[in-house]
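Heads up, the thing below is written out as structure tokens.
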Amino acid sequence: MGVLQEKLSLFYKSRWLVFVAAMWLQSWAGIGYLFGSISPVIKSSLGYNQKQLAMLGVAKDLGDAVGFMTGLLCELLPIWGALLVGAALNLIGYGWVWLVVTAQVPVLPLWAMCVLIFVGTNGETYFNTVSLVSCVQNFPKSRGPVVGILKGFAGLSGAILTQIYALFHAPDHASLIFMVAVGPALVGIGLMFLVRPVGGHKQVRPTDGKCFTFVYGVCLLLAVYLLGVMVVQDLVPVSETVISIFTIILLLILVVPIVIPIILSFGPEASNPEDEFLLQEPHNKEAGKSQMDSDEVILSELEDEKPKEVDMLPASERQKRIAQLQQRLLQAAAEGAVRVKRRRGPHRGEDFTLTQALIKADFWLLFISMIMGSGSGLTVIDNLGQMSQSLGYDNAHIFVSMVSIWNFLGRVGGGYISELVVRDYAYPRPIALAVFQLIMTVGHLFIGMGWPGSMYVGTLLVGLGYGAHWAIVPATASELFGLRNFGALYNFITLANPAGTLVFSSLIASTIYDSEAEKQHPQSMGSMLLHLPNAAAESLKCEGSVCFFLTSMIMSGLCVLAAALCTVLVLRTRIVYANLYGKTSSSRLRL
């Protein structure tokens, strides 16, 4: 019994158990991606027009993006407390929306519905923050795989929840809102004592590589399986029994990663992690920091003293000449012959504060490109219900699920391809972002043309491009503006989503949609002026590719412009990436 208790204690303290639990939590954390599925029932039940529905979409995006309070509470509260707050917000926000839609409570004004959508979606930020903070602390030397996998599961959550909903499908689609309200809250409460930082587990182990490879394989299997299931359900009529079998297999795939902590804890080679050597911390951090600051000052002075012909020398000779000059400057500074002056601010590739980054053209080129690219992609995601209905598709869930899968593959593929660009060619990472934005341009064109099957192609290309933004942009920001204040920089960058949808969805897409609907139903519009609600609801429906044609053309143009901004950023930062990743850049001069 004593051995079993020791093994169970080891299992509970396993960082891999935390990681698997975080993957399960992230599988329910992407509730914002289901807005395209729940928006039609909200629209029909409350009699909203497209512009009013777009305002709800903006509120959803704000709730998903505004994470400043989340970060503050995660520092003040224990991890389980922050997770409990997120579960409560999700339940209250979407639970009240469900009560309103099902007419169990009085209808609220539009601004109140926006507040409820904001509150419900903001609970998702607590799930994301708790998962990432816990796992990054548990795997400090494997941050890339950890963050990529967790964000990938968040991207797949729309498809996962849609398939689970199909198992409990009810005649009224409002039941999906109920599942969005109750499901994530229950999962968050159930896992709140598992997802947390654990001590004594921070060293790199020989088994980590195989474990991460196994998890990547599960992720790809999950994406392929969900894609196949959704296509089969859309093209072939399936019985409830088959749907149940599909869902059970899905749940089994999600459970498979639990074998990792089980084998590591109960296997023959299991060892107590508290007995293992921890990662070595650098000694005399303050001294190291002081030396770094001194070197930075001398290097700043070096730019003034260095002859111009030094830059034309071969790399080895250039390094030798610079080292000699730096030595002379160090000696002169020590003797007082040279008065070293301080730089006014950091240069590209160094640690910026948010305030310092906001006055740099590179930051705004990246941010505005993000607004145009991800904003246009999110406009499609938020309007998938209306886009599919206007083109004659009865079931919007298939497109919501597919765009979640493509979003996941875009995040994984975008990070992998951009890493190849910088590692193998020392070329700026934003060039990969520009390529994905051009891919999105083609996707918007397919959606706008409304050809047979074009929705499938359009959601594929737009989903890939949108997902790639969230793999490439954060990595680019960390390379250009440093890691010290990366949290503040990342939270500011996430504001690109609501900023983009506020303009593209609320002001452009909804206005054009309602205008085309008025042209198709002029008599209903006359009735609407007489305050006939049924006729008004009918007038809000638009049919045909004309509903989103102009919107799609505008989105395509914005993606081209975003790619152009990325190209400008590439030209401005080539030296930075050559210094960071170039094989011959031994001396990293300040730009």
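Backbone N, Cα and C define each Cβ position, glycine as well.
All TrEMBL annotations are machine predictions without curation.
Annotated features, as they stand in TrEMBL:
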- 15-262: domain 'Nodulin-like' (DOMAIN)
- 16-42: transmembrane segment (TRANSMEM)
- 62-89: transmembrane segment (TRANSMEM)
- 95-119: transmembrane segment (TRANSMEM)
- 174-194: transmembrane segment (TRANSMEM)
- 214-236: transmembrane segment (TRANSMEM)
- 242-264: transmembrane segment (TRANSMEM)
- 357-526: domain 'NFD4 C-terminal' (DOMAIN)
- 363-381: transmembrane segment (TRANSMEM)
- 396-418: transmembrane segment (TRANSMEM)
- 430-449: transmembrane segment (TRANSMEM)
- 455-477: transmembrane segment (TRANSMEM)
- 489-513: transmembrane segment (TRANSMEM)
- 548-571: transmembrane segment (TRANSMEM)
Distant-in-sequence neighbours of the transmembrane segment (455-477), which means Cβ under 8 A and at least six residues beyond its ends: 148, 151, 155, 363, 366, 370, 373-374, 376-378, 380-381, 384, 387-388, 391, 393, 399, 402-415, 418, 429-430, 432-433, 436-437, 439-440, 442-444, 446-447, 486, 489-490, 493, 559
Segment-segment contact (the transmembrane segment (548-571); the transmembrane segment (430-449)) at 3 or more Cβ pairs under 8 Å: yes
Outside the transmembrane segment (363-381), six or more residues from its ends: residues with CB under 8 Å to it: 33, 35-36, 61, 357, 387, 400, 403, 430, 433, 436-437, 440, 443-444, 447, 458-459, 462-463, 465-466, 469-470, 473, 476-477, 480-481, 492-493, 496-497, 499-501, 503-505, 508-509, 551, 555, 558-559, 561-563, 565-566, 568-569, 572
Across the domain 'Nodulin-like' (15-262), average pLDDT on the 0 to 100 scale: 83
